[in-house]
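Before any comments, here is the structure.
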Amino acid sequence: MSRPPVVARTFPALRRALAELRRRDASVALVPTMGALHDGHLSLVRLAKRRADKVVVSVFVNPTQFAPHEDFGSYPRTFKTDAAKLAGESVDLIWNPDIKAMYPDGFASKILTEGPALAGLEDRFRPHFFGGVATVVGKLFNQCRPDVAIFGSKDFQQLRVVTRMAADLDMGVKVIGAPTVRERDGLAMSSRNVYLSAEERAVAPTLYRALKEVAKRIKAGKSIESSLAAGAELIAEAGFVLDYLEARHADTLAPIKSIKNGPIRLLVAAKLGKTRLIDNIAV
Ligand code: AMP
């Protein structure tokens, strides 16, 4: 058995732990999370272990990426279970700062992201979101100075935004995307799936099914527009309220009219009752 991870909650503890990890020039991977860990998060940890000598997982529910009406207060917080799961994956260090450490009184700076952050997807429905994400990820990169950082393709626009930011601001971190881990019925794993009632949970996989249906139609030569319309109908019939279902260029996230101009990524966000779910697949 390897040692349980060190848990750092203050900057001095983090600095000490990182100095210890970096002895003998070990490379470090960072996996940023908001906790409530599931197998999707653990797959990022496993990828991190293949890409670096030491693995740091941050667990921090970041208030600045939630709007006042969103679920910051009710977001699941399960630190003990999370720490046990990370111990099972032989993670080296858990960085679990408190809010005051991250955002001390007088905190007044923010990273402004454009390009993929203004693609008209998540940003259209959560205008505050990428400012909060970019700022906290930038802070985590500065605090931990990782060589690589792993992000899930589940949050596809976020992956593009963070990759762009790390390159644009010379953060010296290689951002690596990891595939989406799904439940057996296709639902993308998410910490927010616990909000779903039994009835909602039963229809939630429709989102993935609809994405696959749209991809199938586009690959069969149907127009992107009609394929998306068919997908939107499936999603609405299942009882979702759709925020968006779009076909975008997988690299730039620019709108795309033809499969010839691909690679295409299909992205969806929809509400089922009070729960907002997102998903995406390649065509
Ligand atoms: P979160 O804790 O939701 O902020 O997510 C932390 C990281 O885990 C992000 O990079 C997410 O994209 C990634 N992630 C969340 N769900 C999944 C999933 N089902 N499969 C793969 N990665 C995921």
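Using N, Cα and C of the backbone, Cβ positions are placed for all residues, glycine too.
Listed features, source TrEMBL:
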ACT_SITE  H41  active site, proton donor
BINDING   34-41, 152-155, V181, 189-192  ATP binding site
BINDING   Q65  beta-alanine binding site
BINDING   Q65, Q158  (R)-pantoate binding site
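Known features from TrEMBL, placed on the structure.
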residue: M34; record: ATP binding site; DSSP class: coil
residue: G40; record: ATP binding site; DSSP class: helix
residue: Q65; record: beta-alanine binding site; DSSP class: helix
residue: S153; record: ATP binding site; DSSP class: coil
residue: Q158; record: (R)-pantoate binding site; DSSP class: helix
residue: V181; record: ATP binding site; DSSP class: coil
residue: S191; record: ATP binding site; DSSP class: helix
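With respect to ligand 1, the recorded positions G40, H41, S153 contribute G40, H41 as residues with a C-beta closer than 6 angstroms to one of its atoms, given in sequence order. Between the C-alpha atoms of H41 (active site, proton donor) and M34 (ATP binding site), the distance comes to 10 Å. Straight-line distance linking the Cα atoms of V181 (ATP binding site) and the residue listed as 'beta-alanine binding site', rounded to a whole number, equals 23 Å. There are 19 other CB atoms within 10 A of the CB of S191 (ATP binding site), with all protein chains counted. Between the C-alpha atoms of L37 (ATP binding site) and Q158 ((R)-pantoate binding site), the distance comes to 18 Å.
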